[in-house]
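J.: Take a look at this one; I'll ask things after.
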Amino acid sequence: MTNIRKIHPLMKIMNNSFIDLPTPSNISSWWNFGSLLGACLALQIVTGLFLAMHYTADTTTAFSSVTHICRDVNYGWIIRYLHANGASMFFLCLFIHVGRGLYYGSFTLSETWNIGITLLLTVMATAFMGYVLPWGQMSFWGATVITNLLSAIPYIGSNLVEWIWGGFSVDKATLTRFFAFHFILPFIITALAAIHLLFLHETGSNNPLGISSNPDKIPFHPYYVTKDLLGAVLLTLLLMTLVLFFPDLLGDPDNYTPANPLNTPPHIKPEWYFLFAYAILRSIPNKLGGVLALISSILILAIIPLLQTTKRQSMMFRPLSQCLFWILVADLCTLTWIVGQPVENPFISIGQTASILYFSLILIIMPTVSLVENKMLKW
């Protein structure tokens, strides 16, 4: 008798995606982060739903409603900190997931890669709007500064900013619409993630060697289910350590002060996961140029498949490209660090150098070195 999971219309989809899915036998722990992102998304939706039950999207009560959640709601503090630090875990997994795609050449699966970039942009938009909701000082001024960047767009910029604000400044209308979008976007992200998986399962996963996986595949369950569970346990350990011991480590102290339009904080900066892009924006003196550089720093991922010059997909046997990849990682860490420093020399120069290096590595240096490797290995 055929197993019900193989014939039932709904269970068959789950079976072909998570149980009997033929998976390359040699994929490493770097492939765990896709499932961890799914777990993070589920956590964010559940905790966000409970927070939304007690939150009020009004400029007069938003800050006090968050305080009420932490002080008066049963276990409200842990729900709030799980949601805030869960976002950090989400982005940590997201950056590692994208980095793994770059390192092992997964961007050759173009549909999966492009949906992934769409997912990255949507998650960034969701996180930005979520950061505005507590209505602290950094929430208010972060929203003002980032939305104001759209005024750099010629002709329609000023009208566009006022349209997003719903008035002449960030106010009640802005907060209400940001809450509405922040609530609906995670469900759109879930749909995009399902499409991401659909495209991935059309072609099958890449593997560390960058060769065809077809000759040697094993079922996803129990092998990779067990492997993913180990990753989930380790991520939970890291998240709970943050939540229970250092809940405000990745936050900004200014956000514990209610929003005040008349008092500007000395340093306006977004959450740590946006800092590399914000550093690129800040390193260009021209406003429009900065905005274009900011957008390009993310959208550059879309043209990486077009810049592929190597004849070997993975970087596993390409030591020069490996070296450049880790220089790129170090460069992104430098950009993240530089935003926390005052806007003065030598920090301005370091930021500008790191920004130029970021684009040079991806657009010029890495493709050129790949050609050199082809020559050296006589491909």
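Every residue gets a Cβ built from N, Cα and C, even glycine.
Copied straight from Swiss-Prot:
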- His83, His182: heme b b562 binding site (BINDING)
- His97, His196: heme b b566 binding site (BINDING)
- His201: ubiquinone binding site (BINDING)
- 33-53: transmembrane segment (TRANSMEM)
- 77-98: transmembrane segment (TRANSMEM)
- 113-133: transmembrane segment (TRANSMEM)
- 178-198: transmembrane segment (TRANSMEM)
- 226-246: transmembrane segment (TRANSMEM)
- 288-308: transmembrane segment (TRANSMEM)
- 320-340: transmembrane segment (TRANSMEM)
- 347-367: transmembrane segment (TRANSMEM)
J.: Under 8 Å Cβ to Cβ from His196 (heme b b566 binding site), same chain, six or more residues apart: give me those in sequence order, or none if nothing qualifies.
T.: Thr112, Ile115, Gly116, Leu119
J.: Would the transmembrane segment (288-308) count as touching the transmembrane segment (178-198), if touching means at least three Cβ pairs under 8 Å and pairs must be 6 or more apart in sequence?
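T.: When sequence-distant Cβ pairs are counted, the transmembrane segment (178-198) does not touch the transmembrane segment (288-308), since fewer than 3 lie under 8 Å.
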J.: Quick test of the contact rule: Cβ under 8 Å, at least six residues beyond the ends. What residues does that give for the transmembrane segment (347-367)?
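T.: Same-chain contacts beyond the ends: 279-280, 282-284, 293, 296-297, 300, 304, 307-309, 321, 324-325, 327-328, 331-332, 334-335, 338-339, 341.
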J.: Could you check the binding-site residues His83, His97, His182, His201 and say which one's CB has the fewest neighbouring CB atoms inside 10 Å?
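T.: Relative to the other binding-site residues in His83, His97, His182, His201, His201 has the fewest Cβ atoms within 10 Å.
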J.: When you look at the transmembrane segment (226-246) alongside the transmembrane segment (77-98), do they share 3+ Cβ pairs under 8 Å, ignoring any pair fewer than 6 residues apart in sequence?
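T.: Checked: the transmembrane segment (77-98) vs the transmembrane segment (226-246), in contact.
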J.: Would you kindly give the Cα-Cα distance separating His97 (heme b b566 binding site) and the residue listed as 'ubiquinone binding site', rounded to the nearest Å?
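T.: Rounded to a whole number, the Cα-Cα distance is 17 Å.
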J.: Against the transmembrane segment (178-198), which of these stretches has the most C-beta pairs under 8 Å: 113-133, 226-246, 320-340?
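T.: Answer, by Cβ pair count: 113-133.
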J.: Calculate the distance in Å between the alpha carbons (Cα) of His83 (heme b b562 binding site) and His97 (heme b b566 binding site), and round it to a whole number.
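T.: Cα to Cα, His83 (heme b b562 binding site) and His97 (heme b b566 binding site) are separated by 20 Å.
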J.: Taking residues 6+ outside the transmembrane segment (226-246), which of them lie with a CB under 8 Å of any CB in it?
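T.: For the transmembrane segment (226-246), the nonlocal Cβ contacts are 29, 32-33, 35-36, 39-40, 78, 81-82, 85-86, 88-89, 93.
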J.: Express the distance between the Cα positions of His182 (heme b b562 binding site) and His97 (heme b b566 binding site) as a whole number of Å.
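T.: Distance between the two Cα atoms comes out at 23 Å.
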